[in-house]
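The following features are taken from TrEMBL:
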- 1-80: region 'Disordered' (REGION)
- 11-21: compositional bias 'Gly residues' (COMPBIAS)
- 40-51: compositional bias 'Basic and acidic residues' (COMPBIAS)
- 64-77: compositional bias 'Basic and acidic residues' (COMPBIAS)
- 102-111: domain 'Uroporphyrinogen decarboxylase (URO-D)' (DOMAIN)
- 222-238: domain 'Uroporphyrinogen decarboxylase (URO-D)' (DOMAIN)
Amino acid sequence: MAAPVPSTGERGAGQDGGVRRGGTTARWRRRRGGTGAGRGRAERSGAERRGAGRAASGGNGGAGERRSRMEGGERLLPKGFPKLKNDTFLRAARGEETEHTPVWCMRQAGRYLPEFRETRAAQDFFATCRSPKLCCELTLQPLRRFPLDAAIIFSDILVVPQALGMEVVMVPGKGPTFTEPLKEVEDLLKLRQKVDVAAELGYVFQAITLTRHSLEGRVPLIGFSGAPWTLMSYMIEGGGSTTMAKAKSWLYRHPEASHRLLRLLADVVTDYLVGQVAAGAQALQLFESHAGHLGPEQFQDFALPYIRDISQAVKSKLKEEALPLVPMIIFAKDAHYALRDLARAGYEVVGLDWTIRPQEARAQTGKDVTLQGNLDPCALYAPKEKIGELVKKMLEGFGTQRYIANLGHGLYPDMNPEHVGAFVEAVHAHSRHINKHS
């Protein structure tokens, strides 16, 4: 289970697939397309996908453009982006040498920032997610405070179930609640079988384009999605769970239907991630936040194949569309037993939680992938001097190359922004010192 977030306010499933608080409703929408959750991917031609991308990012016509216009925000095209000034994160992700270790934080745009709380005060959660202007502002806020080496678009992993037609209600003090979770195999018929991501998720693409321009080349912009098993577990559990018993029972009772749902989700996630790159994302992270609820056999059967498929399909479609082959990150929380497989799953970067030693992770993953993580988020409650000591030890364990510093999960709402700044500064200072004297 994703680490619990300290209670206050409302929550949703944020940038790290854990729990984020909000307060809104997204309703079941009328089904479109087929009647069965078949395994086959609904393929569109390159021209169709390019047209959809244009609609989502400021081109002619399309539901995506209409929705963006309704939600407001400046309309910019995904081209003519400012030149990137700090490519340290991208170079580390690709295994290139860096002068310092890059650092960013999962849920770095979050309620620990007073300006975040002020911006979000008058908006419910998914209304915020649907506003490109607000998403851009929230994404930029931590960059104004800290010398981070990457930005991650403000959004939520549950926009994918919404795109499939599911209703999500944010219940104060509880979090995301699906009013009609999937209970029986027949409920799969309620889901859209062919999702036009430009129409349903165009607001995310527009937010990415606006943010990429607004960053003015300061740092790269990361896009993301939840992975199929994590999304499936939310859709069946109806929200968060300590056991995932309902979702796991599907794997045992309805394995074929589970694979149909996972395949549908993998196909939508693939198109969604490709759309994010078309809109301007310069890296992608896939959050398998509920991996730890699966044992090795179930992970091999119901999670890993779709993680691999998404990487392969995204890279293939990026080539087809002549889009940048951006680095991809896989973060499968608590899946230590699968690190060797994840290192061979087609991702340039493997993210780690805080429950594994750096040396052990390196031994399992080898030298051909970059590692990301993995300071315990609660370490930021320590005095600044102690944070510096912990960062130094972490850097010595991972090494400063082929490494991206991060937390092992997302920032918590009650954390002191000054301690977040101390973490970022310690990564830069200690990694430069190590590089200078190595």
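Placement of Cβ uses the backbone N, Cα and C atoms for every residue, glycine included.
Just so you know, TrEMBL annotations never went through curation; they're auto-generated.
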Segment-level pLDDT (mean, integer) for the domain 'Uroporphyrinogen decarboxylase (URO-D)' (222-238): 98
Within-chain partners of the domain 'Uroporphyrinogen decarboxylase (URO-D)' (222-238) [C-beta distance under 8 Å, separation at least 6 from its ends]: 13, 15, 17, 104, 150-153, 155, 157-158, 160-161, 166, 176-178, 181-183, 208, 244, 246-247, 250, 258, 261-262, 265-266, 269, 272-273, 276-277, 279, 281-291, 293-294, 302-303, 306-307, 310, 329-330, 332
Outside the domain 'Uroporphyrinogen decarboxylase (URO-D)' (102-111), six or more residues from its ends: residues with CB under 8 Å to it: 9, 14-16, 18, 20-21, 88-89, 92, 117, 120, 138-139, 141-142, 146, 148-152, 154, 222, 331, 404-407, 409-411, 413, 420, 423-424, 427-428
DSSP residue counts for the domain 'Uroporphyrinogen decarboxylase (URO-D)' (222-238), split into helix, strand and coil: 10 helix, 5 strand, 2 coil
DSSP helix/strand/coil residue counts for the domain 'Uroporphyrinogen decarboxylase (URO-D)' (102-111): 0 helix, 1 strand, 9 coil
